[in-house]
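K.L.:
Please find one structure pasted underneath; my questions will follow.
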Ligand SMILES: CC(C)[C@H](C(=O)O)[C@@H](O)C(=O)O
Ligand code: SF4
């Protein structure tokens, strides 16, 4: 029987399998950030250990740094400590750090791919739940806990159970005004946030292969939001084209050999998945979340659910609680809901294409009165590219604040916090209660949809603005 893409990468990395224990996998790549690494470094220091392969690690700061000023002074108290600790640790243990102001600095899941550190067929880990993002390249990438971070640092291996496999076949290319973000939100609607628990997903079909690498990363990024540990996409010409000549990608003869190998990283025709589902991506329309998890989402033309019409008691309570927090009437249309804050950024939608698409909507327009709008590039490279194309001007002229790279209002660990009671049109990946600031409410959507919401002061169908 043939193998799936996941099985091929997993099997190629098993270094030891003791009876009755989980297989030990070799880890090719490890990225660290300021929030989940301090204890791991301390553990190593206390045990008198060194890093097994420091050259396979990359470090950056993203979660709680200021996006207004690239200095330690501009960081909050806790952030200052985490940032300086990371600097000291990287110095002491010999890890390459892309710190504040460095041209490679940015959100972990944006700088890995952009520098060619993320490669097909590798195992890649990071102490961060959205590590699945790198699976868009055909890497087996997943988030790990702090004790696992320490284990990888010390041994370059990790014990990992083999996951169940699921293929999500996306049939049909996305139409104008519909993006990878809409596709993953539709998948979350169909599967719910627990639908892929225990699985490694493979995203397939022409709805996926027609996407750019940026779009594919948006899909893989949110695999965790439907419960999956990994979200992989088979590497193809689009992948190779994206990676060629990136600083850490192989060069010359090594590149040729690597591409040869990467071409084998496809699910075999006779491989069997534990589960397969099909999504009609060809007829998809823009999506917006109405609740407090990414699975509570509907099409822009829909009304939010009415709990009174729900026969399942648990589901009814879930809807009631979400609507009560989010303050939307049962059965109300999602279009037309007023927003006062807009956030375009994060590891889901903080890439160059995201700013290009939002800028198309914003060009020559201004955000509605009373709307606070932030545009936060995912990395210094994205920022530089956007500025070279003049996108920053479009954002600024539209009344957006154009910031420095970081996680920013995705989770409000720095001072980019949504005000209590505010309602945010956000391109990030989590709409949990209070995620962007205590008492704030989040509606997840694509960058183009967020831009359209910004200029209208309410949730609208972006397709009306792209004619
Ligand atoms: C702070 C960090 C550990 C966290 C995560 O693991 O995901 C963050 O990135 C998030 O998105 O909530
Ligand atoms: S941008 Fe948001 S989701 Fe991504 S790593 Fe940062 S906090 Fe986590």
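Quick reminder: no glycine exception, Cβ is built from N, Cα and C everywhere.
Not my notes, these are from TrEMBL:
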BINDING   347, 407, 410  [4Fe-4S] cluster binding site
K.L.:
Relative to the mean position of the Cβ atoms of 347, 407, 410, the recorded [4Fe-4S] cluster site, which additional same-chain residues have Cβ within 8 Å?
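P.N.:
Other same-chain residues near the [4Fe-4S] cluster site: 62, 63, 107, 130, 345, 346, 348, 350, 378, 406, 408, 411, 428, 429.
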K.L.:
Provide the number of Cβ atoms within 10 Å of the Cβ of residue 347 ([4Fe-4S] cluster binding site), excluding the reference atom itself.
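P.N.:
For residue 347 ([4Fe-4S] cluster binding site), the 10 Å Cβ neighbour count is 28.
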K.L.:
DSSP on residue 407 ([4Fe-4S] cluster binding site), three-state: which is it?
P.N.:
coil
